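Engineer: Pasting the relevant annotations from TrEMBL:
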REPEAT    25-59  repeat 'PPR'
REPEAT    60-94  repeat 'PPR'
REPEAT    95-129  repeat 'PPR'
REPEAT    130-164  repeat 'PPR'
REPEAT    165-199  repeat 'PPR'
REPEAT    200-234  repeat 'PPR'
REPEAT    235-269  repeat 'PPR'
REPEAT    270-304  repeat 'PPR'
Amino acid sequence: MHKDGKIFEALDTVDTMKKQRIEPNLVTYNILVDVHCKEGKVSKAEDIVDTMIKHSIEPNVVTYSALINSHCLQNRMDKARKVFRSMIKKGCAPDISSYNIMINGYCKAKRIDEAMELFHEISQKGPIADTVTYNTLMQGMCQLGRISSACELLRKMIAFGQVPNVMTCSILLNGLCKSDKLEKALELFQAMRNSKLELDIVCYNILIDGLCKAGHIEVGKELFHKISLNGLKPDVYTYSIMINGFCKEGLQDEAYQLFRSMGDNNRLLDSFCYNVMIQGFLQNNYTSKATQVLKEMVRKGFPADIRTATLF
């Protein structure tokens, strides 16, 4: 459907209702507001809200949240805040979803202090901060390099009875690894495992990647071998991370052996894996091996990426 198709369809439905002398209700108007907001036509959505009010239909939290989210998506945080405050002023109490939308908007705009102001406001206004609230703030903090603040927030999260999930773990692991705090990343990983949280392959990939990039290939390899013991299967990214790690340390034979094991185990060797292997060979001056793998890759219909092409 054309991007305006849903809007025309919704407006057509309203016109039909009016012709049949059926007045649109709050749900109908909310659908219209939501459709316009999702298409980025927030000014039109605001016109619909004005129409609602003229017909004595008061917007509710769903209406306001749609408007706020649309402004946040377009990085118009001052306008989003204006709608948010207007909502409260008119006696419509924001729920935790409304707060989360605003907090996410501020975090995406790198305005973490304003996001934290709203977080502190939550405890005073009534809604209970949920896992989404904490994860969003931790993500924002990690992106700004405020790892200590993110770890402190994790402690608060647990103290207030919110249970960290896999997303919490992956956000913090990523932040710790990127800040070269690998010891803390390993501690967090073990603590999460001890808490019986079922970690997914993404968590393993983040930690193994951090270890390999820091030159701790043996620790990364040990963790790689534990994946299957913990009921998970390495994915294409896990293999690529390990292959790249081996190549970085000059361990071409181990890299190539792992690369070949993907095919032996009926795992799909994709373009990304081929490019990683070829680049590893070339960076260590194994030109003939790189050429051999390149020919195989082309034969299977996979393209070489720009970095691979420029290395030849």
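Heads up, the Cβ atoms here are built off N, Cα and C, so glycines get one too.
Where the annotation comes from TrEMBL, it is an automatic prediction and has not been curated.
Not measured: the values here are computed from a predicted model.
How buried are these features, and what lies next to them?
Structural biologist: Computed over the repeat 'PPR' (25-59), the whole-number mean pLDDT of the model equals 90.
For the repeat 'PPR' (60-94), residue counts in helix, strand and coil come to 26 helix, 0 strand, 9 coil, using DSSP.
Across the repeat 'PPR' (95-129), DSSP assigns 27 helix, 0 strand, 8 coil.
Below 8 angstroms of C-beta separation, residues 96, 99-100, 103-104, 106-108, 110, 112, 115-116, 119, 122, 171-172, 174-176, 178-179, 181, 184, 192, 195, 197 of the same chain, each at least six residues beyond the ends of the repeat 'PPR' (130-164), sit close to that stretch.
Residues 131, 134-135, 138-139, 141-143, 145, 147, 150-151, 154, 157, 206-207, 209-211, 213-214, 216, 219, 230 of the same chain lie 6+ residues outside the repeat 'PPR' (165-199) yet bring a C-beta within less than 8 angstroms of a C-beta in it.
A Cβ distance under 8 Å defines the sequence-distant neighbours of the repeat 'PPR' (270-304), meaning residues of its chain 6+ beyond its ends; these are 236, 239-240, 243-244, 246-248, 250, 252, 255-256, 259, 262, 311-312.
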Engineer: Going by DSSP, how much of the repeat 'PPR' (165-199) is helix, how much is strand and how much is coil, in residues?
Structural biologist: 26 helix, 0 strand, 9 coil
Engineer: Report, as numbers and ranges, which residues of the same chain sit near the repeat 'PPR' (95-129): CB under 8 Å and 6 or more residues beyond its ends.
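Structural biologist: Long-range Cβ neighbours of the repeat 'PPR' (95-129): 61, 64-65, 68-69, 71-73, 75, 77, 80-81, 84, 87, 136-137, 139-141, 143-144, 146, 160, 162.
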Engineer: In the same chain, who gets a Cβ under 8 Å from the repeat 'PPR' (60-94) while lying at least 6 residues past its ends?
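Structural biologist: Those are 26, 29-30, 33-34, 37-38, 40, 42, 45-46, 49, 52, 101-102, 104-106, 108-109, 111, 114, 125-127, in sequence order.
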Engineer: Per DSSP, what is the residue tally for the repeat 'PPR' (235-269) in helix, strand and coil?
Structural biologist: 26 helix, 0 strand, 9 coil
